[in-house]
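According to TrEMBL:
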type	residues	note
BINDING	ASP14, HIS202, HIS204, ASN238	Mn(2+) binding site
DOMAIN	5-267	domain 'Pyruvate carboxyltransferase'
REGION	392-516	region 'Regulatory domain'
Amino acid sequence: MNDQVIIFDTTLRDGEQALSASLTVKEKLQIAYALERLGVDVIEAGFPISSPGDFESVQAIAKNIKGSRICALARAVEKDIDVAAEALKVAEAFRIHTFISTSTIHVQDKLRRSYDDVVEMAVRSVTRARKYTDDVEFSCEDAGRTPIDNLCRIVEAAIDAGATTVNIPDTVGYTMANEFGGIIATLFNRVPNIDKAVISVHCHDDLGMSVANSMAAVQAGARQVEGTINGIGERAGNCALEEIAMVIRTRGEFLGVNTGLKYDEIHRTSKLVSQLCNMPIQANKAVVGANAFSHSSGIHQDGMLKNKNTYEIMTPESIGLKNQALNLTSRSGRAAVKSHMDTMGYKDTDYDLNTLYDDFLKLADRKGQVFDYDLESLMHFANLRDEDDYFKLNYLSVQSGSVMATTSIKLQCGDEEKCEAAVGNGPVDALYQCIYKLTGYEIALDKFDLTAKGEGEDGLGQADIIANYKGRKYHGTGLATDIVEASGQALLHVINSIHRADQIAEIKQSKRMETV
Ligand code: KIV
Ligand code: ZN
């Protein structure tokens with residue numbers, strides 16, 4: 001049996017569907033580039049029939065990503081499969097992933113069909129998907145709770161119809177590791193054509209078992225593991241791929257398997273996903289938590305000083321965690337900035353050096369020393385910014401005390417610069433009132449978070465907001481040495497996205513009027 005485990009990432013599909021605000025196409029592309037750099041074999045980019053936005057992002061990812069196979073999800077319905085194929089057809093290599101529920105509770109109470117119907121729909125959808133590609137994945141939703149005879153029957157039928165990968169999800173995270181491994185072992189023993197397809201697993205983490213269950217399945221013969229970065233996803237999330245990666249890297253000899261991943265990309269991929277998805281990582285999270293490699297107790301520290309292997313089963317360097325304390329200053333030239341980006345592993349195509357250098361100089365003037373993580377943050381923020389942002393903050397002045405705060409701003413609104421001043425119960429409140437007045441947008445905030453990016457006093461302030469506008473949620477983020485300015489940037493990020501969406505809707509409307 002092949003000893004390479006295929007890594008299937010569904011951060012942009014199963015992970016994204018659980019976020020409070022959807023990712024933009026640009027954000028999804030940034031994550032897809034990071035996944036490609038990490039070396040994941042398959043990127044599930046979305047569910048194209050679910051919305052025009054999802055269709056557009058699957059298409060953009062299919063067009064731009066060459067190093068990983070691009071996959072899209074489709075229910076076992078003809079239209080879903082056709083739309084998925086349409087979004088994917090620009091890709092160099094693509095897969096259609098179709099699914100239907102197979103557990104008795106789902107078949108009877110959700111689908112309200114007979115099991116014969118379900119098998120027939122599975123066969124029909126796999127056959128249809130095979131018209132577009134010879135890479136078709138079929139998933140038996142809620143396989144973990146499906147009677148084993150029914151599961152064997154549908155797996156055999158799907159493979160006969162042409163499925164090249166058959167995925168066995170523990171959709172509700174219900175099974176125990178030996179139980180789930182047993183299901184996979186039974187499939188290998190009882191399904192006669194099982195050798196014609198790769199058996200995949202997709203485990204959710206409701207009982208905290210997803211990684212253990214996936215690894216038990218690998219030991220039983222599964223050769224594809226599905227999951228998400230940082231384990232984001234429905235309810236308690238999906239299987240965390242960085243954990244699967246490091247289990248296989250650390251215990252590969254015991255398991256007899258490997259992956260094609262570039263493990264030293266794990267740390268920054270995880271940080272990027274956390275940042276763009278606005279999903280902080282708990283400090284004690286395995287592999288990527290802030291404390292995953294720190295040793296607190298005196299006894300442990302003593303052991304580490306004598307021999308690192310006493311308490312360290314994997315090194316921080318192996319996931320790409322570098323302890324660099326670069327001190328670039330405003331006197332550092334463009335070449336120095338580029339050289340530090342090279343050292344951190346970024347290619348010229350990952351960022352625009354002119355923009356990064358301008359942003360670096362502004363930051364260096366205000367902050368003095370600029371560290372590697374600052375450069376990384378500047379790059380991510382510049383990649384999110386749109387050249388055509390309509391509203392830009394040109395000037396900000398804040399007076400704040402123990403009673404009220406006053407803020408005055410100059411805001412670029414298209415070609416015009418406008419000024420406004422307001423009083424509020426705090427500086428952010430006063431600033432937001434200025435922005436609401438000048439832009440004409442009044443937005444309800446569901447969430448407002450301030451965090452420090454970077455270490456100690458040298459950290460930058462990062463503001464993240466979730467805003468609700470006409471029933472749709474937007475995530476806005478801002479980064480600055482000043483937390484009030486960062487808060488303003490976060491609100492402008494949201495307002496620029498809304499303004500852009502409004503403009504697109506207006507253009508579509510006037511085109512419709514022209515054709516009437
Ligand atoms: O959890 C699940 O069953 C799924 C399927 C669509 C694969 O996400
Ligand atoms: Zn799932």
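Cβ coordinates come from backbone N, Cα and C, glycine included.
Feature map: annotations from TrEMBL on the structure.
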| residue | record | DSSP (3 states) |
| --- | --- | --- |
| ASP14 | Mn(2+) binding site | helix |
| HIS202 | Mn(2+) binding site | strand |
| ASN238 | Mn(2+) binding site | strand |
ASP14, HIS202, HIS204, ASN238 excluded, remaining Cβ within 8 Å of their centroid (Mn(2+)): THR10, PRO169, THR171, CYS203, ASP205, SER210, GLU226, GLY227, THR228, GLY233, GLU234, GLY237, CYS239
Densest Cβ neighbourhood among HIS202, HIS204 (binding-site residues), 10 Å radius: HIS202
Reported mean pLDDT - the region 'Regulatory domain' (392-516): 91
Summary of DSSP states over the region 'Regulatory domain' (392-516), given as helix, strand and coil counts: 49 helix, 56 strand, 20 coil
Local Cβ density at ASP14 (Mn(2+) binding site) - other Cβ atoms counted within 10 Å: 24
Other C-beta atoms that fall within 10 angstroms of the C-beta of ASN238 (Mn(2+) binding site): 29
